[in-house]
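According to Swiss-Prot, the ATP binding site annotation covers GLU248, ARG255, ARG270, GLU299, PHE339, ARG416, LYS422, on the basis of sequence analysis. Under the heading active site, N6-AMP-lysine intermediate, Swiss-Prot lists LYS250.
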Amino acid sequence: MEYRILAEFYERIEKTTSRIEMVSSLVELFKQTPKELIDKVVYLSIGKIAPEYTGLDYNFGEKLAIRALSRVLKIPALEIEKRVRQEGDLGEAGRKLYEELGFKPEGTLTVEEVYNGLLNIAKAVGIGSQERKISIFASLLKKATPLEAKYLLRTITERLRLGIGDNTILEALSIAFTGSSVNREVVERAYNLTSDLGYVAKILAEKGLEGVKQVKIQVGRPVRPMLAERMSSPILILRKLGGKCGAEYKYDGERIQAHRKGDEFYLFSRRLENITHQYPDLIEFLKEAIPHDFIVELEAVVIDPASGEIRPFQELMHRKVKYVTKYHITKYPVAGFLFDIIYLDGEDLTLKPYPERREILEKVVKRTDRIGLVPRKIVDNVEDLENFFYQAIEEGCEGLVCKSLAPNSIYQAGKRGFLWIKYKRDYKSVLADTLDLVVVGGFYGKGQRKGTFGSLLMACYDPESDMFKTVTKVGTGFTEDDFKKLEEILMPRKLNHRHPRVNSILEADMWFEPYLVLEITGAELTLSPVHTCGWGKVSPNRGIGLRFPRFTGRYRFDKRPEDATTEQEIIEMYRMQRKIRVRS
């Protein structure tokens, strides 16, 4: 299969502002793809060569790409850098240079060649690896047409800019190989259990829907985490959960999914990144505490060994290094508090109800001074829930996670729903909690910010439509250093038009690929004629907007755009806020 076909589809997708057209283009592409290549085409279409958890990265920045391009086009790197500044995009600059110089490709690029070349670049390490990477990439550029060069350059620098989401891929795969998006739920469950789009695509293409139904949990492949909705009223929480729930402490730590098979251990972050190397001590604690093959979920926190008290979340950031040494382990000792088990000795536990999973967890875990279970209390009245909430706050927690005890309280991998409800409270604001919102656009600033953005258009995520819907426009809370950092992150992801997965009434001065999640606070949620979050769901011809928004200073690099606060959460927060006003 020629790489040209992919490049042409990417160009078509980049130009559309319609998600329906994006899905349609992907369906057409997947139908044209040979079955043996479908996994590679899926990976390349999201700018990857493997799932996130493998840790395979190109480690090939723009400067290396320019060196390779300079070598192929036989022009100075400085000239290329100048064009990149003019175009604002290395890929587009490369395409135009190819055309202007009348570059003649030395052959025809295939998808296999591109994939294998990129894989070899990702695997190149050690002495001389940089030169090997440049040489491999240059060999691909030599065979590229102008359009192919554009997408090769974007791919290698991890700035593909198509913004194709997981749900969009899953929908397109379902239509392409089963004839209907109705089957997406089956395909999605297989993905939620394996976190590998390419793997699921290949099974679907080769073995059909029945093959996908046989996909099982595997130790070493992270399960996409179940997520909680949020509420700030104990009355509503109990009502939502049938009058009774299991309330658990919500620690301000790092959520980790731990896997064990014999002597093999894997630790995965909330974003499904392999972080095994960051916690060698935690692995030893788990080895002692659970003598079984397992997949468990826990919160890792830094503790004071003398008092057992939990230290601030920021101290955990010192573990985010390439090589964790004895110094890190001693200076920032961690403990793990387990809250779920989804696999035990070959058995998938995700379809068992929460009370049964908790009972299994209590039976198999040997408590130590570094491994424990998240404290839990079964509550059926507001007073008990409130008292347990205050107890959690006093012990340094963020609040509670209230869990359904019903027979249908299964582990919903990759889903956010009301089987789990976060109960947090911010007494300084009418707004019950901060929002994690995605940057989708920018507006020109004034004074020192003239010519670049001075405020950002922020959106929530709607998993039903796989769309980002606007909530607010924020320009306060940012320092000059923040603006510099934001420019570095956002400008390489600037688009010529609104992204097809962004639903916005407002016309931004510049648009960005949905990528960066920021923590935003504000005064209150109000009805809005210009924001699309909850449009028509709480009032005709109105959405929900956030008044007096402010950046808290927290960049949520641990969250993907699809992990942002959902539209439904904001609707619930708005309704809750109105009830509080009525009562007061």
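A Cβ is built for glycine as well, from the same backbone N, Cα and C atoms used for every other residue.
Here the features listed in Swiss-Prot are painted onto the structure.
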residue	record	Cβ within 10 Å
GLU248	ATP binding site	24
LYS250	active site, N6-AMP-lysine intermediate	21
ARG255	ATP binding site	16
ARG270	ATP binding site	19
GLU299	ATP binding site	21
PHE339	ATP binding site	23
ARG416	ATP binding site	21
LYS422	ATP binding site	19
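The ATP site in the record is lined by GLU248, ARG255, ARG270, GLU299, PHE339, ARG416, LYS422, and its two most distant CA atoms lie 19 Å apart. Counting only the Cα atoms, the space from LYS422 (ATP binding site) to LYS250 (active site, N6-AMP-lysine intermediate) is about 8 angstrom. The binding-site residues near LYS250 (active site, N6-AMP-lysine intermediate), taking a 10 angstroms Cα-Cα threshold over the set ARG270, GLU299, ARG416, are GLU299. In this structure, GLU299 (ATP binding site) is part of a beta strand by DSSP. In this structure, GLU248 (ATP binding site) is part of a beta strand by DSSP.
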